[in-house]
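Data block below; observations after.
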């Protein structure tokens, strides 16, 4: 088995799917099951572990915002925006953890209950419809400074639901922000930055509660394959972050929304067809 090639494929899948409204966990899960023959729990743990590449991409792309956050953390920033972003991330991350950890512990037990892969496709379809409707029915104009505590808690709850396989973290978080009236570019940006603490927490929880599965996943691909997948995911992610934010700044937001919604829906259908459940 060519682990280098598999690492490249998994890296591309992770790098693309993390930023558009298709669940990166689900896509990596399907590829891992198809190419590597991993068990559901091992493949799911591997999908979360692979987010190292997308975390690196977000840190690199938003390095100025991260620098501002660090200054705000030690009260050395003179920008109100840095403190607002820090408040946003702290609250969202806490709520995400309270929602996501119990859901993760539930998910890793699902194979015992016989969860069919078709459920993943159905959840993706629902996710795509929510994303489409949220953008169709609202004209968002808010920025970070307009968000109230209740709004931030809602975003945290939405991001926590992404612990479920089939739910797109970026999709559901961006949709929640736009439903709350946040401008598309700002919604994408906040969603992408909030990935960093959420994904770090997800990796920590995965290693803590699924050490055996993580070990199996790493050995199934080999260390070199894993490293290559992370590097590829990082570069692909940077490209997609830049492309989505640039597109969100244009007057073609409706086109972007329709494309993302269609991708989410088609992805769910193809996922089911690929596994023979439709």
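Even glycines carry a Cβ here, placed using N, Cα and C.
What Swiss-Prot records for 3-23 (among others) is transmembrane segment, and it gives sequence analysis as the kind of evidence.
Positions annotated as transmembrane segment by Swiss-Prot: 42-62 (among others).
Long-range neighbours of the transmembrane segment (88-108) within the same chain, counting only residues 6 or more positions beyond its ends whose Cβ lies under 8 Å from a Cβ of the stretch, are 41, 44-45, 69, 144, 147, 149, 152-153, 155-157, 159-165, 190, 193-194, 197-198, 201-202, 205-206, 209-210, 213. Marked as transmembrane segment by Swiss-Prot on the basis of sequence analysis: 88-108 (among others).
Under the heading transmembrane segment, Swiss-Prot lists 112-132 (among others), citing sequence analysis as support.
Annotated transmembrane segment per Swiss-Prot: 152-172 (among others), in sequence order, evidence recorded as sequence analysis.
Sequence annotations record features per position, and here Swiss-Prot assigns transmembrane segment to 190-210 (among others). For the transmembrane segment (190-210), the residues of the chain that approach it from at least six positions outside its boundaries are 18-19, 41, 45, 48-49, 51-52, 54-55, 58-59, 61-62, 65-66, 85, 88-89, 92-93, 96-97, 100-101, 104-105, 108, 144, 155, 159, 162-163, 169-170, 173-174, 177, 182, 241, judged by C-beta separation under 8 angstroms.
The transmembrane segment annotation in Swiss-Prot covers 225-245 (among others).
According to Swiss-Prot, the transmembrane segment annotation covers 253-273 (among others), on the basis of sequence analysis.
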